[in-house]
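According to TrEMBL, the protein has these features:
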DOMAIN    1-362  domain 'Aminoacyl-transfer RNA synthetases class-II family profile'
BINDING   E85, C86, T87, R115, Q129, E133, R260, Y264, Y265  L-histidine binding site
Amino acid sequence: MAKEKFTGVKGMNDMLPQDAPIWQYVQKTCVDVLSSYGYQEIRTPILENTRVFTRGVGEVTDIVEKEMYSFTDSMNGDQLTLRPECTSAVVRAVNEHNLLYGTTQRLWYCGPMFRHERPQRGRYRQFHQLGAEALGMAGPDIDAEIIMMLARMWKALGVGPVKLEMNTLGAQEERQKHREALIAYFEAHKDQLDEDALRRLYTNPLRILDTKNPDMQGLVDAAPKLLDYLGEESRAFLSRLEELVSSAGIEYSINPRLVRGLDYYNHTVFEWITDKLGAQGTICGGGRYDPLVEMLGGRPAPGVGFAMGMERVIELMREVGQVPKASQTDVYVLHHGGESQAKAMLLAETMRDRGIRVVTHPGEASIKSQMKKADASGAEFAVFATEDELAQGTVGIKALRAHEHAPFAEQTLVATAEAADKVAEALAALHR
Ligand code: ATP
Ligand code: MG
């Protein structure tokens, strides 16, 4: 009988060990920057009650209309959804635990999100977002600070130039007037609307502006612009944001077509875009969502945040050659089994006490085949806890990589008791 084969779910990827260093590097680099702006981590469950998203993201968005993995809990009939994004979940948690009572919050999260999309480069069904929410602060200073924080992350990661586009969605009354004008405009050109646009005409006409249909570009370009409907306050908000972003030396352009599908977004929206990833070039999106906290049952409080797509950021880093060195091992310890293996294991422990990453050869094998493993491990040094050496109270140390003036370029005997210190010094010399 043929053996049964198992494969992962379509559009959901394994992160293999050779990719671990870059994932860890990206998260750590971003989190270091987030910490330097006072952000703290929050973790919410991967499942939420579906209402959190239908209410929090909005009924007439791509996400809620067609991308959510929702199911009925067969135990109790609850309607549950695998989170397609995390802002709604964070706000749900903040409200539930009263985290905004008399204070503000700066929060970050990182983890898998789930959307039932057509898988392609840069677009998956399970993907990862690293994001942040600043809650209880009305801006635009905080909006600008988030942009500055992201610019700092791109620099720290070394992703090369990424374009910042910003726009404003104004206030609700302004959007309402613009919306009426949009509906009237599109009604007058109904024959040019595609199926998606017709469906959205009365539910979410703003989203029509976001169409990817080339046949509708002309129509959409000439549509009424929200910028022309902004009142005094919204204009002032945007110009203060522009002023702060400019004075930080960050280049941007205003893209009046940039919209977020969600109804509760107001004022600032932004995206960071690269031209190196084809169609999926947006590596990060964000904006202000002042009505959301109240919509999800909390006392009114403003909010602004962003989410970056980790897969896209990592792919961009690969494109520009910014992949960190993959070695996970500093030292490989070889031995002759038996008593020498026991000593090798103890020696490895003394090295780990000094923070050195050590692999001891598992089981028994010839020194030649252990050397092959040592080399393949990526370790900088081999330590020979072999019988003859141990009998003299020593171990041999040998550099495995060619470095100019590297210590232990030739195999050298050192007292067993000093081996850990010697290796630690040699590693420090390499990393200087
Ligand atoms: P898109 O227009 O590409 O579908 P979106 O507006 O749906 O993006 P957001 O909800 O704003 O995306 O999510 C923020 C970021 O998360 C995106 O800019 C992108 O980098 C990433 N992202 C979104 N959906 C996916 C996905 N299916 N696979 C991988 N990354 C994604
Ligand atoms: Mg999408």
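Note: Cβ is positioned from N, Cα and C throughout, glycine not excepted.
Feature map: annotations from TrEMBL on the structure.
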residue : record                   : CB count, 10 Å
E85     : L-histidine binding site : 20
T87     : L-histidine binding site : 27
Q129    : L-histidine binding site : 22
R260    : L-histidine binding site : 22
Y265    : L-histidine binding site : 23
Listed binding-site residues adjacent to ligand 1, that is, members of T87, Q129, R260, Y265 whose C-beta is under 6 A away: Q129
DSSP-derived class (H/G/I helix, E/B strand, else coil) of Q129 (L-histidine binding site): strand
